[in-house]
Ligand code: NOJ
């Protein structure tokens with residue numbers, strides 16, 4: 001049969017030249033070697049070692065053993081066509097007590113990793129905080145409850161950019177502010193049936209009041225701003241810096257100017273404690289009035305630091321935050337309830353709407369017009385198993401990726417400045433409270449043997465990256 005001469009989607013749905021096709025991971029979720037070569041304990045080591053916190057009482061002691069297998073993992077990334085890799089640096093590997101003398105063996109690991117990536121033609125993008133706070137800072141100053149942690153974070157960020165800056169040109173300061181602040185310092189109560197309520201938390205597993213929580217948020221964004229200043233001071237000129245936040249996106253139900261304006265207002269309001277203040281340098285009046293107007297306590301100088309100019313904004317986008325429609329009454333939008341039959345992916349929180357990959361960057365551009373945007377995470381958990389023929393047929397992930405990338409391509413074709421996409425995740429790994437029971441990787445990991453096998457979605461990714469298009 002003659003091949004079709006009709007244009008294929010891949011010829012039409014191309015991304016701009018130079019678009020990065022990346023994969024992402026984080027230190028605690030893959031490295032293992034939790035107490036090797038001088039590394040100090042992190043709050044996640046402590047939290048996962050406490051029985052009852054994690055599904056199956058799993059922990060990250062060994063994880064994917066990436067610390068010892070990073071050469072194999074870099075080869076796999078190269079084989080699946082990744083042009084960029086977003087990894088995180090474990091702060092307690094580099095500063096075992098959070099501050100003080102650096103641990104040479106710790107930073108040497110990232111030196112070796114970066115060299116291996118560059119030799120494989122993969123651009124390194126480093127995240128400096130993906131939640132594994134040194135336990136000493138938790139014990140001695142109360143973690144992010146204290147401004148001292150923000151300062152220690154900046155010192156650590158400056159040191160890392162000084163050591164890796166000749167080869168690492170892109171940094172994300174902090175990953176997903178809301179996840180570690182709300183999850184770690186307040187947690188959420190989820191009704192699981194009948195009257196039973198389960199408290200879902202993250203390290204360090206505290207339960208603060210609303211006003212205390214707002215102060216923690218303030219220290220987190222302050223830590224981000226201080227880290228930006230420290231990287232600018234210690235890294236080479238031209239180093240590019242941003243954050244990677246899980247923006248809560250209000251999705252309009254109808255694409256008309258009044259609905260889009262309502263979605264913008266809602267998105268700006270719901271992100272007031274993190275993205276809005278980092279990009280505007282002020283807390284909204286509504287945000288300041290919450291929790292009885294008692295918090296956060298801050299100075300104008302701190303607001304200036306929090307809003308240090310950035311080179312790009314990183315967005316972790318998995319799901320719609322919620323849906324809105326316009327309203328004549330303040331605040332100018334109304335939340336819409338989500339239908340019980342709305343489709344979902346495997347994770348309990350994962351409401352499915354690929355269009356969020358269009359709306360997230362478009363609303364961010366409309367609201368704040370940053371010079372550049374990256375999708376720093378997108379992906380889905382799935383019930384992957386190895387079939388009799390040794391392959392892993394993750395058809396739901398392929399469906400999810402094709403639909404999401406299609407919407408992202410719609411954004412770039414309309415001129416939204418998205419310069420790269422990082423798929424979560426390069427390989428199956430420790431999925432926080434779900435332990436090893438929820439797989440997000442392009443590469444399957446047998447957690448008994450630690451053998452790695454690329455899935456069907458890895459073939460999809462390779463082809464999309466090769467053609468720089470939705471395939
Ligand atoms: C976002 C987090 O940054 C990452 O650590 C996590 O595994 C993925 N979401 C999937 O839940």
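Each Cβ is built from the backbone N, Cα and C atoms, and glycine gets one as well.
Whatever TrEMBL says is automated annotation, not expert-curated.
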Further substrate ligand in TrEMBL, beside 29, 175, 318, 424, 431, 432, within candidate set 130, 224, 234: 130
Between residue 130 (substrate binding site) and residue 176 (active site, proton donor): CA-CA distance (Å): 8
DSSP-derived class (H/G/I helix, E/B strand, else coil) of residue 432 (substrate binding site): helix
Span of the substrate site, taken as the largest CA to CA distance across 29, 130, 175, 318, 424, 431, 432 (Å, rounded to a whole number): 18
Surrounding CB atoms that lie within 10 Å of the CB of residue 424 (substrate binding site), all protein chains: 23
Cα separation, residue 377 (active site, nucleophile) to residue 130 (substrate binding site) (Å, whole number): 13
Three-state secondary structure, which DSSP defines for residue 175 (substrate binding site): strand
